[in-house]
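First up is the structure itself, then whatever we jot down about it.
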Amino acid sequence: MEWLEKNLQEKFDLPPKNRSEEALRRWRDAVSVVKNPRRRFRMVADLATRHQNELKRRSTQEKIRVFLYVQQAALNFIDGVKNKEYRLTDDIIKAGFSINPDELASITGKHYMKVLEMHGGVDGISTKIRSSFDHGISASDLDTRQTIYGVNRYVEKPARNFWMFVWDALQDMTLIILMVCALISAVVGLASEGWPKGMYDGLGIILSILLVVMVTAISDYRQSLQFKELDNEKKKIFIHVTRDGCRQKISIFDLVVGDIVHLSIGDQVPADGLYVHGYSLLIDESSLSGESEPVYISEDKPFILAGTKVQDGSAKMLVTAVGMRTEWGRLMSTLSEGGEDETPLQVKLNGVATIIGKIGLLFATLTFVVLMVRFLIEKGLTVGLSQWYSTDALTIVNYFATAVTIIVVAVPEGLPLAVTLSLAFAMKKLMNDKALVRHLSACETMGSAGTICTDKTGTLTTNHMVVDKIWISEVSKSLTSNNSLEDLNSAISPATLSLLLQGIFENTSAEVVKDKDGGQTVLGTPTERAILEFGLKLEGHHDAEDRSCTKVKVEPFNSVKKKMAVLVSLPNGKYRWYTKGASEIIVEMCDMMIDGDGNSVPLSEAHRKSVLGTINSFASDALRTLCLAYKEGDDFSDDTDSPTGGFTLISIFGIKDPVRPGVRDAVKACMSAGIIVRMVTGDNINTAKAIAKECGILTDGGIAIEGLEFRNKSPEEMRDLIPKIQVMARSLPLDKHTLVTNLRGMFKEVVAVTGDGTNDAPALHEADIGLAMGIAGTEVAKESADVIVLDDNFTTIINVARWGRAVYINIQKFVQFQLTVNIVALVINFVSACITGSAPLTAVQLLWVNMIMDTLGALALATEPPNDDMMKRPPVGRGESFITKVMWRNIIGQSLYQLVVLGVLMFGGERLLNLKGADSKSVINTLIFNSFVFCQVFNEINSREMQKINVFRGMFSNWIFIGIIAVTAAFQVVIIEFLGTFASTVPLSWQLWLVSISLGSISLIVGVILKCIPVKSDGIRASPNGYAPLPSGPDNI
């Protein structure tokens, strides 16, 4: 079967992501023998539509860019530009607003600075839309605001209804041909045999087609509903706003004009708005205007557009336009859906379907030719070819219908669609397990992941941080006891305490806000929350210090610099910088420290050594360490960044972030599954090593390395080093990207990467599977990811891998089952046509068999849940054969058994079973059909395990599988006993029913015998799917 795999590798091999258009077109060009392109390619990207969308996007971007950066500059030169007049309607006035919605939208959308000034600036606009910078809007006004100013949604293409899927299913060319044949058969039958007998054959085919169409449409429609639900989940983005004087988290769809939105690094701007207040706000407008350079937003340039992204800084924004009144909304509504990229398995199975389809087409043609030649010879020898009757036409139509039906069965149209079914099922289950799969291919690719590069904070740990220890004034204090804060107060001088508190309260991105219940809540990152909460508690244990200083400049935390800074002006006219960040970096910036008496003294080598010893001591206790320092000055420059030296060290914080329950077991499960877990963190190396050991990541043979050392290695050194790396500390986002690139390039690993920050986006994009954190992750990170881990839990990532493996193995099971049916149906009809001149399986019977192996088979086998055994085998590597030698062994073995059984029944059944009488031929044909169906039913059970003997394990807990087997068996009884007129069958005696079921059940025994036959692969005894080839105990049976 090497030729099949070679063909698949050449034409139907697709990378899991970042595919070129050439690769996407190559496999499309190679696909042929497609019965229903509309259905087969429904879940495949529409390259033509996608190209049109890209042209539209570029055109719109160019128009926006030209207007914002060219026309606007010219307009600002010209005085007295006549503005369009907007009228206030009675509804607007009655609602208490003083500005027209279209005028308000145009101010921000068109960057009309003069019009903004004419309305009194941002303050004036706020007054006219009844909003307050501190209080926000009133929640009771929401409906009124949505009525006047619109809702924050753009027009979307309506969802497809059920009857559209019915229409799609009817587009199958073979079914259309069969319907034509059925109509001809009915007309000829009526002419030759009269009513109603002449209608039976044609009506039977039409009813079978309708049944196939309805079952197919129901299955496809249910899939579409699942994908629609998942798509809605992807669009759920939450933002912070101030309403009724309280900070609230709301969906972007609930946003209204007048809302005060809080923006921070990594956010996607949800609506058009005006800058109110903020620090160092940089906006990336490339998605809207195509400009790569970020735009600095300030009071002089306050316009912020929907769809752009916050690259740096933070700010408050007043919403001025939502939904279809924004440029982003109008752009999104004009783009048609180009579809999602197809998955590697879908492409590979399209290849299998194409190759098998060509073989089926050949067999169908040969079958029809053989039947016609035999018919013409017999007719020529009996009545001659000059005399033709209506029955002859009916015979030829039936022959043609049989040949077409062979194509229906032979072209495994359900193979690529089974991938979609399995992925939809898995994605739905994963959604319930807190994992949102954004891209179809990620789910199946995750099953092949050999490496997971994971963050520490929030993924391996709980992200519930608390300050556990502090070093200040040369004193190290544990804060776990009840009296620890009083002890700390008494141990340090008031001046030092004042510096500490001012440094905590001024240099923080967290904030204390009022919640709906009137209480106070601390919002911010877990680290910032922990320090601010500590400061608030400490402040409560002594007389509150005067916080009368003003922030002048803020430098938000940056994952490259690993620090944040703030400049404040003091009441005495001086300025003071506070900086906080990674311990080693801050200590390196300090040349002074506060001693035990509260005085600033030089940071001598002995002091420096003592400080670094304290940091390492904290880190070895698995504490996250941060340092706080300050520097005073007489003046400052707006253009300069915070100083890089001359600071005075105030304190070291040791922050505790416990390891999540279950992480150690999850890491152990990864190791059993052949998945290497590597921790990549920005923390201190000793903290990282302590956590990694606690999680079971850092083992005796593993290496922990710092990012600086790693990035200075040559490619040759990296080749030797990377396989041993288990922990990378003090890493930059670029280090993570380099590690991922080398793992994929040098070692051909399938790599999964977790990330939460804006700077993680390149690594998430580069990895085979990018996993963004749902709680801590920024919108930029989520947009670059393939899977969003909604609970930020490492155990959830392992669950994605389990389901990924389940999808891959389930599709293998289905392929094994379907190819067996294909081979048997093709060979039995072809051989019978050659020898007897008739096909034992009629068109109606083959349509029923097609439904068993296609829609119902896919539903039964492609939706099997994962089991623990799947995580006890190594992952499937790049380039490995999809149809394994074990699968071929099972396919060929089962096919031979079925062909022998059906062949014996066909050529010696009447004699062996002592069948006599006029209807003996009909009885034996019915028995052949019944035995064939029950062989498939039991082979479906066999296919649940490709290597293990016990195929019943877990079967009775899978109600979908049991239900389909029961429905198949029940409907088979109905066809044989009650629908014989349409299906060309006759009722069977209980003895013949027993024979049919027994012959089918023997395939279970055949399966056991086949699984005891060892298979070799590349000189190594195969253990496909990681199972032992021969049973060696009850757990392996």
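Glycine is no exception: its Cβ is also placed from the backbone N, Cα and C atoms.
As given in TrEMBL:
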- 116-190: domain 'Cation-transporting P-type ATPase N-terminal' (DOMAIN)
- 173-192: transmembrane segment (TRANSMEM)
- 198-218: transmembrane segment (TRANSMEM)
- 355-377: transmembrane segment (TRANSMEM)
- 397-426: transmembrane segment (TRANSMEM)
- 819-841: transmembrane segment (TRANSMEM)
- 847-865: transmembrane segment (TRANSMEM)
- 886-908: transmembrane segment (TRANSMEM)
- 920-938: transmembrane segment (TRANSMEM)
- 959-980: transmembrane segment (TRANSMEM)
- 992-1013: transmembrane segment (TRANSMEM)
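Sequence-distant contacts of the transmembrane segment (920-938) (same chain, at least 6 residues past either end, Cβ-Cβ under 8 Å): 817, 820-821, 824-825, 828, 840-841, 845, 848-849, 852-853, 897-898, 901-902, 905-906, 909-910, 913, 965, 968-969, 972, 976, 980, 984-986, 988, 992-993, 995-997, 999-1001, 1003-1004.
DSSP assignment over the domain 'Cation-transporting P-type ATPase N-terminal' (116-190) gives 48 helix, 3 strand, 24 coil.
Sequence-distant neighbours of the transmembrane segment (819-841) (same chain, 6+ residues past either end, Cβ-Cβ under 8 Å): 356, 359-360, 363, 366-367, 370-371, 374-375, 378, 402, 406, 409-410, 412, 849, 852-853, 857, 883, 890-891, 894-895, 898-899, 902-903, 906-907, 925, 928-929, 932, 935-936, 939.
Within the model, the domain 'Cation-transporting P-type ATPase N-terminal' (116-190) shows a mean pLDDT value of 85, rounded to a whole number. The transmembrane segment (397-426) makes contact with the transmembrane segment (173-192): 3 or more of their CB pairs lie within 8 A, with pairs spaced 6 or more apart in sequence. Cβ atoms under 8 Å from those of the transmembrane segment (886-908) belong to residues 1, 812, 815-816, 819-820, 823-824, 827-828, 831-832, 835-836, 840, 924, 927-928, 931-932, 935, 939, 942-943, 946-947, 999, 1002-1003, 1006-1007, 1009-1011, 1013, 1015, 1022, 1024 of the same chain, restricted to positions at least 6 beyond its ends. If you look at the transmembrane segment (198-218), the same-chain residues 6 or more away from its ends with a CB under 8 A from one of its CBs are 39, 162, 165-166, 168-170, 175, 178-179, 181-192, 394, 398, 401, 843-844, 847-848, 850-851, 854-856, 979, 981-984.
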